[in-house]
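**Student:** Residues or ranges marked as divalent metal cation binding site in TrEMBL: His65, His66, Asp104, His229, Glu233. What TrEMBL lists as region 'Disordered' is 254-286.
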Amino acid sequence: MVRLDAVVAALERLYPPELTESWDAVGLVCGDPGAEVRRVLFAVDPVAAVVDEALDWGADLVVTHHPLFLRPVHGVPATTPKGRLVHRLITAGAGLFTAHTNADRAAPGVNDALAAALGLHDTYPLVPAGDGDPARGLGRVGRLPEPEPLTAFVRRVAAALPVTAAGVRAMGDPDTVVETVAVCGGAGDSLLATVRAAGVDAYVTADLRHHPSSEAGESGGPALVDVAHWASEWPWLPDAAALLTAELSGAGATVETRVSTTPTDPWTLHRTAPESGADEGAHAER
Ligand SMILES: [Zn+2]
């Protein structure tokens, strides 16, 4: 058992607030700094299904990657979905803490976890944080143990991440050889030009839009592998839980941690063609 303020301090040592983008909102959303924390649930999204899971388990703190509030609010009435969520947490005596772009840029952070899940090694930031720490920054670039065709790489990505209805889709010649890979957990099409300049064979990210992707293909960019946003950030959760446990145990404190496996990808249905019988997994071969 440990006080919430000590858990927050440990989380901020792991995910320094100064790494946060100016538009972002991270840190403690609700919770009494003097409250005792026994159980901490880690999840990607602060949504009702995650709060159900947290309260069923008896969590005292929920740590999410995505912020609950990104824009200023004038109230948290329980008549709104977000206000309801805050009420449920406070009524149960549970806090909410978010580590978003600071966790993206931290080392180890969200992008190290994604790179490790894909088996990449010799990783370095795609966009260095500029704070003098060569390991911190946005995205990661790394190398596969062996070169492999894009079809095999897509299978690798699908096997490494939690299953979602949308699955994994890719753009590029199926036989193109992939050895160097850039990754960016979450929405990464703003980094397409940077990825092209990095000269990698493939880029794994989420929420790739039609026009930027099409233009990247027309200009001879790398193969693009588009995964579910939630799935791209999920590998961070077990890392963060283990790091918090270690950080607190160094200070003589213990908490019980749990990683949410509740899928919070908003997309829940996917078909490749009407009545084709095609399912997820099959399209990776095409
Ligand atoms: Zn995200």
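Backbone N, Cα and C define each Cβ position, glycine as well.
Bear in mind that TrEMBL entries carry predicted annotations, made automatically and left uncurated.
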**Student:** Including all protein chains shown, what's the count of other C-beta atoms within 10 A of the C-beta of His66 (divalent metal cation binding site)?
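**Tutor:** Result for His66 (divalent metal cation binding site): 18 neighbouring Cβ atoms inside 10 Å.
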**Student:** Cβ distance under 8 Å to Asp104 (divalent metal cation binding site), same chain, sequence separation 6 or more: which residues?
**Tutor:** Val110, Asn111, Leu138, Gly185, Gly186
**Student:** Does anything in the same chain, at least 6 positions from His229 (divalent metal cation binding site), have a Cβ under 8 Å from its Cβ, and if so what?
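**Tutor:** The answer is Gly186, Ala187, Ala206, Asp207, Asp265.
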**Student:** Can you list, in sequence order, the residues of the same chain other than His65, His66, Asp104, His229, Glu233 whose CB lies within 8 Å of the CB centroid of the divalent metal cation site?
**Tutor:** Val44, His100, Ala103, Val110, Gly185, Gly186, Trp230, Ser232, Trp236
